[in-house]
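As written in TrEMBL, here are the features:
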type: DOMAIN; residues: 153-215; note: domain 'Sphingomyelin synthase-like'
type: TRANSMEM; residues: 12-30; note: transmembrane segment
type: TRANSMEM; residues: 59-78; note: transmembrane segment
type: TRANSMEM; residues: 85-103; note: transmembrane segment
type: TRANSMEM; residues: 147-169; note: transmembrane segment
type: TRANSMEM; residues: 176-192; note: transmembrane segment
type: TRANSMEM; residues: 198-216; note: transmembrane segment
Amino acid sequence: MQTASQRLLLKWAGLHYLAYIAMQTMALFAETRRGPTLPDLLLDRIPVDRSYDWVNSQFWLPALLVSLLLLAIYRPVLCINYLKIGAAVSVMRGIFIVLTSLGPPAGVAEHTSEAMLSLTLADFSPSFLMRQWFPVDAFWGGSGLSAVYLTQDLFFSGHTATTFLLVLITRKERRFFVPFLFFHVITVAFLFVTHEHYSIDVFGAYFVVYALYHFFKERRWIDDEHYPA
């Protein structure tokens, strides 16, 4: 028999995933409106190494899911907090992405096939969308195998946002905070190594996530102290 906490976890996990689907759909639409590649003060001084791109998918995604599973088991209230705020982060990210099209950083554009840079609305189909909404191949080869390799889902960085949110919600839980902080630092470091995002994508994510966290907290939409059995 499910407890109240388990039911809430399932409810918010479902809503969180729906928000992810909304964000992915908006990001797909953004791919049909090509934006320019822009100069970047930091990336222009960091040599690009796309051989580490696997870290951005095959490491980051499983590590994120394991982190959430651990929270769901040992601190379900924090997992609920993450799922609630994370859903808002996803929707806001999708809106930002679709509002202004930014082309991929030069280091990414140079290593991306033309086929991945020429998506049109005519390519959209039910099976096409399903592959994008459930990109299970990200676990072993990145979303480019069966789903669309997104090149303009840039502002703001989802990698930075998801891992920084883990750090924020576990700041009072040292056993989670320390490994999550390490996970976050590694994730951000490889974003710069691979030129996966512009600098503004990374730094902007901190402001958005921090603002949303306190927006939810001040309205008592999250609770990091008590949780029903």
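Glycine is no exception: its Cβ is also placed from the backbone N, Cα and C atoms.
Non-local neighbours of the transmembrane segment (85-103) in the same chain are 12, 15-16, 18-20, 22-27, 29-30, 33-38, 109, 151-156, 158, 161-162, 165, 169, 198, 208-209, 212-213, 216, 222; each lies 6+ residues outside the stretch with a CB under 8 Å from one of its CB atoms. Here the transmembrane segment (12-30) has long-range neighbours at 80, 83-84, 86-88, 90-91, 93-95, 97-98, 101, 119, 121, 124, 129, 132-133, 148, 150, 152-153, meaning same-chain residues at least 6 beyond its ends whose C-beta is under 8 angstroms from one of its own.
When each of 59-78, 176-192, 198-216 is scored by its Cβ pairs under 8 Å to the transmembrane segment (147-169), the top-ranked stretch turns out to be 198-216. Over the domain 'Sphingomyelin synthase-like' (153-215), the average per-residue pLDDT in this prediction is 98. Here the domain 'Sphingomyelin synthase-like' (153-215) is broken down by DSSP into helix, strand and coil counts: 49 helix, 0 strand, 14 coil.
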